[in-house]
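Chemist: Here you go, one structure.
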Amino acid sequence: MRNQGLGSWPVRRARMSPHATAVRHGGTALTYAELSRRVARLANGLRAAGVRPGDRVAYLGPNHPAYLETLFACGQAGAVFVPLNFRLGVPELDHALADSGASVLIHTPEHAETVAALAAGRLLRVPAGELDAADDEPPDLPVGLDDVCLLMYTSGSTGRPKGAMLTHGNLTWNCVNVLVETDLASDERALVAAPLFHAAALGMVCLPTLLKGGTVILHSAFDPGAVLSAVEQERVTLVFGVPTMYQAIAAHPRWRSADLSSLRTLLCGGAPVPADLASRYLDRGLAFVQGYGMTEAAPGVLVLDRAHVAEKIGSAGVPSFFTDVRLAGPSGEPVPPGEKGEIVVSGPNVMKGYWGRPEATAEVLRDGWFHSGDVATVDGDGYFHVVDRLKDMIISGGENIYPAEVENELYGYPGVEACAVIGVPDPRWGEVGKAVVVPADGSRIDGDELLAWLRTRLAGYKVPKSVEFTDRLPTTGSGKILKGEVRRRFG
């Protein structure tokens with residue numbers, strides 16, 4: 001085959017295990033042979049619609065087989081897949097579509113109203129399943145590992161979402177890392193209730209499982225009771241989630257009685273696993289495989305395996321097998337054990353750059369290393385401990401919230417003179433946003449009205465849960481807001 005990318009995977013896997021179940025969703029089950037045929041029909045349909053190699057094809061919808069079919073079909077057609085966060089508002093979706101230059105948007109029925117409201121002019125909007133061609137012979141175009149496979153949008157310190165260009169090689173090497181670290185098997189039954197528009201659910205679970213010939217069980221939304229039922233009824237072997245999801249499962253009334261004997265692997269990312277949560281699962285004979293990563297690394301960077309969870313609780317782990325990680329000082333110099341430094345990453349899983357953003361790319365990719373903006377220490381055994389975030393990012397229930405993006409919107413509200421968004425502790429979500437606002441002279445701002453206004457402009461999880469008003473914010477001599485001082489005073 002001339003196609004060496006992800007688009008060839010369904011064809012290659014169908015040759016090896018055509019009758020094995022690839023994907024389950026609700027009452028639908030697809031074998032690898034069926035998945036391969038469906039992917040080929042969609043790839044041919046995209047080509048018939050005018051999609052050419054390098055063109056961008058977007059997808060909007062919850063976890064569904066159509067997501068994976070569109071991803072692989074883009075790979076066969078040589079196109080670039082653009083998964084969209086269905087929790088975003090219309091203005092945010094418009095930005096991603098315009099920035100990526102997507103020519104086609106495939107969507108599931110529940111998002112038809114949102115799709116109709118989009119401003120994108122020349123965009124071909126197609127309900128999932130309606131672009132399939134009759135020909136199920138897969139196109140074999142020359143696609144290499146260095147070609148861009150997908151654009152995954154991630155906000156940055158500037159507050160404007162950027163499309164991380166992940167190549168076919170980035171995603172393939174990340175899968176190899178996962179297979180080495182977690183011992184995934186061909187009889188794997190992996191439950192995915194976390195959204196696939198995030199790099200972790202896709203890169204750490206779906207793709208490695210499909211590469212090995214296991215079964216991916218998709219849930220459109222997370223429900224702790226449904227997860228417990230699926231584990232029992234489907235004999236699930238692997239579950240992925242963020243700490244808040246695992247907390248909800250452990251708090252469910254059926255937690256103690258549910259049969260979890262089939263589970264072999266619990267993958268957790270997005271935030272460190274609290275010690276008490278790890279203990280609750282250890283009491284049921286279950287240990288987490290924890291990870292630290294980022295979209296720009298497809299996403300795996302550090303891994304803490306089962307054998308060291310109890311010994312290294314709170315650690316983010318050691319570098320993934322084919323990934324190099326070190327700590328750098330302000331001038332890029334190496335940092336000795338025990339001292340703080342910025343996490344920098346190198347390896348075949350690190351992105352090609354940000355789509356259409358050469359300056360932003362140059363800021364983070366320097367001398368072959370990706371500069372994460374996260375601060376950590378390394379202990380004497382080589383285990384990394386993430387201690388701070390240079391970018392002030394808030395992690396709420398596994399979702400990344402960048403204050404600059406929220407602050408940009410706040411400044412558009414009448415009467416807001418200055419503002420800062422910080423993260424504050426929350427028993428359920430780990431951390432939530434709080435807006436600290438300075439009203440302009442003579443302005444009276446109602447906090448509830450301000451938050452309601454934000455909900456029309458941002459995804460719900462990005463909207464701060466509270467507002468506090470103040471006469472002034474602490475600043476440097478040049479007028480830059482001192483976020484650390486804001487957190488100390490108002491957090």
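The backbone N, Cα and C atoms fix where each Cβ goes, and this holds for glycine too.
As listed in Swiss-Prot for this protein:
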- G291, T295, D374, K391: ATP binding site (BINDING)
Chemist: Going by DSSP, give the three-state secondary structure for D374 (ATP binding site).
Modeler: strand
Chemist: According to DSSP, collapsed to three classes, what secondary structure does T295 (ATP binding site) have?
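Modeler: Going by the DSSP assignment, T295 (ATP binding site) falls within a helical segment, counted as helix.
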Chemist: With every protein chain in view, what's the tally of Cβ atoms within 10 Å of the Cβ of G291 (ATP binding site), excluding that atom itself?
Modeler: 26
Chemist: Give the sequence-ordered list of residues that share a chain with T295 (ATP binding site), lie 6 or more positions from it, and have CB atoms under 8 Å from its CB.
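Modeler: The answer is M152, T154, A164, L166, H198, A199, M351.
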Chemist: Enter the number of other CB atoms within 10 angstroms of the CB of D374 (ATP binding site).
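Modeler: Around D374 (ATP binding site), other Cβ atoms within 10 Å: 21.
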